[in-house]
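Reviewing the structure listed below.
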């Protein structure tokens, strides 16, 4: 039992009551009158010798973790859909909690939904059953809870997870089996389910590779949920039930690289977690490193090198983005008073990857693999910070600090001199072809005959940013990039079109901004439209498209686009 004040985070929640569940007597509580624009409102619960308490509360339409899709926003357009996205600090907008990865939680849930829908969760599914009178407590009355058309789905998560990994989705959801531990879930559209099952057919192979690298997979199931197009990230590593954007289904299995990334989080991120967002590289740098190791084995060294190359270009681009705020080019950042969604970038992923790759080069792969296994065994189900990692590194790799400037890597700004671009003939060939474009040389058909989406993405990323509009049109006339089914290629091409003022493609830009809500595409397209001198027509386009589409984006994506527009308009 505990006496004294207990503090919980909330945002956009209204609290109806807090009681002692054994005696039903009220427990005093207060919500801070000051609402912090980033953190929300502090809930203080004043306990006197209690070991449990029951909060009745309600979310509101502007709970930032939840997106409620109306039927027209779904694939089948007949039934509604709802899903969550809690990372970085949005769990507090679903339920009061200590919304920091330093505090791990276990949970159980009863979700009451219309019988025609089904639910999935980042937890073990216990049963789907008829509602029972009295089990809703103060949440709602029995007449609603036990109505004819309602059903209850029950779940339990027995392993302690950080609150940002709490997740659920409800909709008209079906699944396909793709492996002994893996089903793919999606809206009940045969074409979506079939293409997802094909794209992710190699998942079990990847899990086995992950286990070779990191030790046993601890979460029993590794299921995948393909969400509607408004999902704001590529993937979210919710344990047992990874959430994915439909844009990763490309028809060539490269989308499986995102699955490799989310899978690797099952160890780095979900088993060992960053203590808070200032140490995000511990989650993402490790996971990006592991993703590339898995890709190397499953898809070959060229694929891994392309993956590293695209990341290397992304890291260099972020240096330009943060040139006025170099704090966010560090691995370990100071985020006091900062909204983590505003400074989300490739830095923790790619600079983190580069740091670990540098250590691997120093001590050799066999020794590094041993180190990683030991690291995971030592810290699993814990939340740690950069210092803890560095102490463990120095204790297990004697004199490493004499070979690598650890302080420069973790606390310095920019890209350290001993970071490295990937080495591969394919990578070198693509980047040199991109440089030749300045002289008006377009790649020949025989040079690109074997190219897939990743090759084109890398090529487009390395093209000079300001080429002639006529060159952009000529490239597209020959290779049809604007209508690529691969959004990485399409969006890289559209960025080029905008930056060279090639207005023929603004219709395609608008269409793209209206059909997907993945921030990886929204951020550069809106930024390119409004950044820089002139741009009057582009600014009007960006404002109009956002006004017309805002309601279709997830709240996190809405906030990110609003920040871009307010900075440049």
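Yeah, the Cβs are placed from backbone N, Cα and C, and that goes for glycine too.
TrEMBL lists 262 with the feature active site, proton acceptor. Positions annotated as active site, proton donor by TrEMBL: 349. If you look up TrEMBL, you'll see 85, 86, 87, 232, 233, 234, 235, 236, 237, 518, 519, 520 marked as peptide binding site. For 261, 265, 284, the entry in TrEMBL reads Zn(2+) binding site. The domain 'Peptidase M1 leukotriene A4 hydrolase/aminopeptidase C-terminal' annotation in TrEMBL covers 425-565.
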Open item on the list: If you count other C-beta atoms within 10 angstroms, which of the binding-site residues 85, 87 is the most crowded?
Closed with: 87
TODO: Determine the mean pLDDT over the domain 'Peptidase M1 leukotriene A4 hydrolase/aminopeptidase C-terminal' (425-565), rounding to the nearest whole number.
DONE: 93
- [ ] Enumerate same-chain residues with a sequence separation of six or more from residue 265 (Zn(2+) binding site) and a Cβ-Cβ distance below 8 A; give 'none' if the list is empty.
- [x] 237, 283, 287
TODO: Give the residue counts of the domain 'Peptidase M1 leukotriene A4 hydrolase/aminopeptidase C-terminal' (425-565) per reduced DSSP state, in the order helix, strand, coil.
DONE: 106 helix, 0 strand, 35 coil
Open item on the list: Distance check, please: Cα of the residue listed as 'active site, proton donor' against Cα of residue 284 (Zn(2+) binding site), rounded to an integer number of angstrom.
Closed with: 5
TODO: Round to a whole number and give the Cα-to-Cα distance in Å for the pair residue 87 (peptide binding site) and residue 284 (Zn(2+) binding site).
DONE: 13
- [ ] Rounded to whole angstrom, what's the largest C-alpha distance between any two of 85, 86, 87, 232, 233, 234, 235, 236, 237, 518, 519, 520, listed as binding peptide?
- [x] 17
- [ ] Sorry to bug you, but what's the C-alpha spacing from residue 284 (Zn(2+) binding site) to residue 262 (active site, proton acceptor), rounded to the closest Å?
- [x] 10
Task: Check: same-chain CB within 8 A of Zn(2+) site center, minus 261, 265, 284 - done: 235, 237, 262, 264, 268, 269, 283, 286, 287, 288, 290, 291, 349
TODO: Give me the Cα-Cα distance between residue 519 (peptide binding site) and residue 284 (Zn(2+) binding site), rounded to a whole Å.
DONE: 17
